[in-house]
Amino acid sequence: MITVGSIFLPDTPNSILARGNTEKAREMLKKIRGTDNVDEEFQDLIDATHAAMRVDGQWSTILKPEYRPHLAICFLVPFFQQFTGINVIMFYAPVLFKTLGFGDDASLMSAVITGLVNVFATFISILAVDRLGRRALFLEGGIQMIVSQVLVAVMIAKAFGSAGVGVMSKADSLLVLILICFYVAAFAWSWGPLGWLVPSEICPLEIRSAGQAINVAVNMAFTFIIGQFFLTMLCHMKFGLFLFFACWVVVMTLFIYFFLPETKNVPIEEMNNVWRKHWFWGQYIPDDAVIGTASSTKIKDMEA
């Protein structure tokens, strides 16, 4: 599916510009925006491309103070994404449900159900992300995951206690399955897709490859770590494991609230305007940072 999809995936105007085909890049921008009135934004893209070409070494550049917001987001968002605990559910769902008292067939079916919830809830994000914004989905999804995880922990503690010995009734098992689906749905329309989207749309051209490399590497590294230690953690922490991940979701939800500005409708080349106005990140953005004409107008329109 990925290979077939790549056949239909167009090059971005930035990528075309970087290869020196100006007119083709302009036509692609017109196609993406659905209008011929792209002169100001296209000039912003040209200016950003020229600025990126003057930069020597993306890795040394991304470590500079003025790129501190980008570095922090590209590291912390994928880190937090894994500490939602989602891969615990997706990797070990049959083991988890069997531990809770489901039979073999019921455990596998429950895993299939959570997988389907994950797929279909992702479409909600696709439809809502450009209407509601990134922050709204992050915050709502975080709160929903916290509530779900705490309630699952309470249900498991009630049935098995701290010793991990006991029996869960069919009604309680069904309720746990519903709560886990509620949790998976929240992840699927928030931290799931947005954990990849937000880091990809905040980095300017001069550090974009390095930022994406950090994003993917951190994500894969902590996917491996969580996957390796989950069973041991489940055996030792029992119901406390869900409280452990719920605490992490509290931390990451607060991080989003205080440190992630809204990026809806803001072109990558104009993110400096957003960072500069932020109460914390603004201290890292120099006064001579490039401000694009097209985006300045868009930001003023959004503020109005």
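Note that Cβ sites are derived from N, Cα and C of the backbone, with glycine treated the same way.
Curation plays no part in TrEMBL annotations; they are all automatic predictions.
According to TrEMBL:
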| type | residues | note |
| --- | --- | --- |
| DOMAIN | 1-264 | domain 'Major facilitator superfamily (MFS) profile' |
| TRANSMEM | 70-96 | transmembrane segment |
| TRANSMEM | 108-129 | transmembrane segment |
| TRANSMEM | 141-161 | transmembrane segment |
| TRANSMEM | 173-192 | transmembrane segment |
| TRANSMEM | 212-234 | transmembrane segment |
| TRANSMEM | 241-260 | transmembrane segment |
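Packing against the transmembrane segment (108-129) from elsewhere in the chain are residues 89-90, 93-94, 97, 102, 137, 177, 180-181, 184-190, 192-194, 197, 264: each is 6 or more residues past its ends and has a CB under 8 Å from a CB in it. Confidence for the domain 'Major facilitator superfamily (MFS) profile' (1-264), expressed as mean pLDDT, is 89.
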